Amino acid sequence: MSQAPKIAMVLAAGLGTRMRPLTNDRPKALVEVAGKALIDHMLDRLVAASVETAVVNVHYFADLVEAHLRAREAKGLAPRIVISDERVQALETGGGIKHALALLGEGPVFVANIDSIWIEHAGAAVDAVAAAWDPERMDVCLMLASTTESLGFHDTGDVFLSADGLVRFKDAGEIAPLVYVGVHICKPEITADGPDGPFSLLPLWKRLAADGRVCGVAPEGLWMHVGDPQAKLAAEARLAEA
């Protein structure tokens, strides 16, 4: 096992359109689930996995996100926060990482969405991704979950996982058993040749997967995608039962 990344990129620049009206006056990152902002749920998971620095991209209500993160640091809470400013233009997942390359350093990093919450059944899920990471074999390692153990993700799945951990993205019309649940490790330089401006990671992942360079791990637990107000209520109900 290689050393777990100490730096994470936290993707917090989205408009949160599907979360309206909760995002009429705040970004999705600051929507609270069970009394805690979504971004804090994710930052605390990353800190538990020994992440020391989080590079957070901001766009929609950027000032509110920055103020929240400064207040968090003022309380002495880890991790150290570095802002990647996308106020001029939101750059999506791939473009956001490319824009932040100078802030992310040389090694692999965690990349995390802020709208994924989970209840772990056996061990720490982020640690499981770190344990599976092997930079000789892979450029990306995805955290995955069974469609039967996830709420609010794609019912027809995203990927198949081979016995040796290789990811294959489903073809049109296929039903896959696993979904991507919002956390991965990657070599951030995979985005360097992407276009200037916004672009998604997904086409890049698919090209790398075709070359056998994308792996995955499916820890045990219940994963919840908090993408709209109804999903927020469902997540809070599940957390209350845990």
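Here the Cβ of each residue, glycine as well, is placed from N, Cα and C on the backbone.
In sequence order, Leu22, Thr23, Pro27, Lys28, Val31, Tyr60 make up the list of same-chain residues 6 or more apart from Gly16 (UTP binding site) whose Cβ falls under 8 Å from its Cβ. In the three-state DSSP classification, Gly16 (UTP binding site) falls within coil. Under the heading UTP binding site, Swiss-Prot lists Gly16, Thr17, Arg18, Lys28.
Sequence annotations record features per position, and here Swiss-Prot assigns substrate binding site to Asn113, Asp158. Around Asp158 (substrate binding site), the same-chain residues at least 6 positions away in sequence with a Cβ under 8 Å from its Cβ are Leu144, Phe169, Lys170, Ala176, Leu178, Val179, Tyr180.
Taken from Swiss-Prot, the feature Mg(2+) binding site applies to Asp115, supported by similarity to another entry. When Cβ atoms from all protein chains are considered, those within 10 Å of Asp115 (Mg(2+) binding site) total 29, not counting its own.
Shown are the binding-site residues Thr17, Asn113; the one with the most C-beta atoms within 10 angstroms of its own C-beta is Asn113.
Arg18 (UTP binding site) sits 12 Å from Asp115 (Mg(2+) binding site), taking the CA atoms of both as reference points.
The UTP site is set by Gly16, Thr17, Arg18, Lys28; from the centre of their CB atoms, other residues of the chain with a CB within 8 Å are Gly14, Leu15, Met19, Arg20, Thr23, Gly227, Asp228.
It is Arg18, among the binding-site residues Arg18, Lys28, whose Cβ has the fewest other Cβ atoms within 10 Å in the structure shown.
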